[in-house]
Amino acid sequence: MIKVLDARFVTTAVEPKGYPTDHTAEVAFVGRSNVGKSSMINALTGRRKLVRVSNTPGRTRTLNFFDVDLERGGVRHQIRLADLPGYGFAKASKADKAQWEKMITTYLEKRHRLEAVVSIVDVEVGPTPDDLTTLDYLQAHNRRVLVVATKVDRLTKARLKPRLVELSKLMDLPLEVILPFSSTEKLGVDEVWGALLDTFGKSARV
């Protein structure tokens, strides 16, 4: 079992000079606007108000960093979470979209401390064209990607497995790399943390 010892806000940034300057291993959370990134981070950390949750799409317009202290099997880890602005917000102006895109791509391409990217997909909606483009982009830049199918509490158990199989085909990924998750029911919390620690846990030990 993985225990969250502490979780705290670190800083907000819009460009590299505002990024944290230490060597903590980072995980970025990406997904379309209003897919539930903030709710997922709150569920993972067990802190209901760590990240502000809004029903208004496009609310997150900066890179927001949070530090999480974890323990697994007596070994402590520290991971920094980076909450990125959502993509695909239809009501945003072209100028805002261009600014957000530059902010996100600069971080994803140049951040040396970025160990993995969690790509969040709505299990009912499925991968949007923006989701697929982002996945291709991350793979082209050799980023480790963990795909999380969120809001699975909206599906029955009988519908969930076939839907995950369908998602794996649509995204051209093995079924085992797509993790089901529910912020409402806290389903998949240990599995996501476990997958992240298995991927780069040694670099996150403290």
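Using N, Cα and C of the backbone, Cβ positions are placed for all residues, glycine too.
What Swiss-Prot records for this protein:
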type	residues	note
DOMAIN	23-202	domain 'EngB-type G'
BINDING	31-38, 58-62, 83-86, 150-153, 181-183	GTP binding site
BINDING	SER38, THR60	Mg(2+) binding site
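Overlay of Swiss-Prot feature records on the structure.
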| residue | record | Cβ contacts under 8 Å, 6 or more apart |
| --- | --- | --- |
| GLY31 | GTP binding site | LYS37, GLY86, TYR87, SER119, ILE120, VAL121, ASP131 |
| THR62 | GTP binding site | THR12, ALA13, VAL14, PRO85, MET103 |
| LYS151 | GTP binding site | GLY36, ASP122, VAL123, GLU124, SER182, SER183, THR184 |
| PHE181 | GTP binding site | MET40, ALA43, VAL148, ALA149, THR150, VAL152, LEU187, GLY188, VAL189, GLU191, VAL192 |
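Look at the binding-site residues ASN34, LYS37, SER38, PRO85 and count other Cβ atoms within 10 Å of each Cβ; ASN34 has the fewest. For the recorded site, LYS151 (GTP binding site), the DSSP three-state label reads coil.
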